[in-house]
């Protein structure tokens, strides 16, 4: 029986070779009709043929779809056969149907078939921009939807006769592939010296040679520049640190294959799959006993960030390079966004790099590398960007045609847009201190406004801390647009983001353990070691770490010895602290004894700023146990403390963490906790103490959370905040919560740090509509 089927497929089905795929399986199944890109996150298919052939066709759509695609829904209905078509075609995209359901395709790595072309196909031999319908850049070259060549930066490269033949040949895998190109018609590489002069040499082999000789080179990729250095060359790595003013921050490396990675890092099955995935994130791996890269690559840490090549440029460069690994760190001047063109690269990187390996394909959208670590077999985002951004979330409620725009916090900023039941989040923007970063944020907001034709927002949401640049920007935009700005408490935003990505309904209450470095609290102190009971609308603070004096404010974050002295000031007298510091820690203060005297005096002042931050507590303990002395990058002392703890023996040391009640809230007595740690140092290994610190903190937090949950009738307990990425804290908290038969939720889609804040802000602020 002949029938006609009207089929709608929605999801990530644009820019992934989906329409050519549909065409080919239609031909294989003897189907007549067409496939049309609707622009609203879907394709429309009219299929005519035998009923059995149509059903096989639909089955093939599910089972044989391109690996980079994602089907969120497939709906079909049958009508009478019309005999309208004599063949099957790919119809022209319908640009009128761009909606909030339209999905911007993400960037994916070069596929295995294109890699083979680079090595064996004479037409693409050694051509670094080789791609096909299922691989290559998407978001970073996309100017507007739908994803067609004329809407990308590839429009600057008209197809040659041979490429046109492949593009229009339905049997070719480059059929209708928007990013295809070849040496005849495509982008070209150039190698420039520090003055911007082109070197008349083969760019890839010469770059590889220079890197091996110790040069520092900026390399233009998909979403911006990397700075590349030989990862085994200690002298070159130290020179990069000096020029980039990054004395300790770990650098990520890129290797040709897993074989090279296995020489210096441990790789489990989940990490292996992440490394080999089409998204090619940086994966945080444990160093192994054979570690042979430069010691200064990730000093004081037991982990290293590693990725595999994801472009032809990377592959060919590593093939020509004589060592196993290259540092590939973000190509930006400290505090600014990554460079995306020759002009910004020469301006920002001239005093950092010796050469520039660049090309003439424009980058439309910046996109840093994504970073993931695996905790308890779960991939956890530290940064969600290239390959995973933009991101989309279907919410549990519909705000109709209203629009909420949220701007995030101060660190690891993203922006989110919430309209109808759709929440869209941008790529990683960065830390919003510099004007260049704020400009990047504004341009990104403008890009999404234009691509989705968004209206003026009814609400602009921002952090409660009004000194944040994003909060100031929100106020400025709300004044200009004559709309409302809404403040959202930092940790409430964490809680709401956790609920949203775990698809929880609007009125359900959870208990969220929110642990991080800082978040402005209701009482004007700095929070960061909190237990909140709440939902999208409201929250209650039910427990927290003991508020500690923070003399000098943020100076305590950069000089954690100040935080150590401040916490001890409530359990030791002044002479005891001075004696302790003169023996071990006074050199960690910039002005020595004089500074110690002043800060101890300030600790007793009624006006001293106070914090309940987990980050500041871990900072102080890292100094006490000799893991760190200063903070030169975000999270450094706790990261080094975690590395020390990972080398310790579980159960060798027992440390108690007591609690007390104040104004109906449970308070964790971190002052006595620190004093106990101090008393353990003389007779125990510091690594064993460090492990006990993590176990005790996590266990006590989880036990109290379960007790509160039981008393409040709450079955779901979540973990969020920047400190939640700590592997030991995560593991012990999860174990206790599961043991108590509570539902444990955590971040799988967004970073648990401030990269999720704009998501939670948008969800919370929507309640003000």
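Cβ from N, Cα, C; glycine included.
TrEMBL annotations: computationally assigned, not manually curated.
Feature list (source: TrEMBL):
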type	residues	note
DOMAIN	4-92	domain 'Acylphosphatase-like'
ACT_SITE	19	active site
ACT_SITE	37	active site
DOMAIN	201-387	domain 'YrdC-like'
Per DSSP, three-state class assigned to residue 37 (active site): strand
Integer Cα-Cα distance in angstrom, residue 19 (active site) to residue 37 (active site): 8
Composition by DSSP (helix, strand, coil) of residues within the domain 'Acylphosphatase-like' (4-92): 25 helix, 38 strand, 26 coil
Residue 37 (active site): tally of other CB atoms within 10 A of its CB: 26
Around the Cβ of residue 19 (active site), the count of other Cβ atoms that are within 10 Å: 23
For the domain 'YrdC-like' (201-387), the mean pLDDT of the predicted model: 98
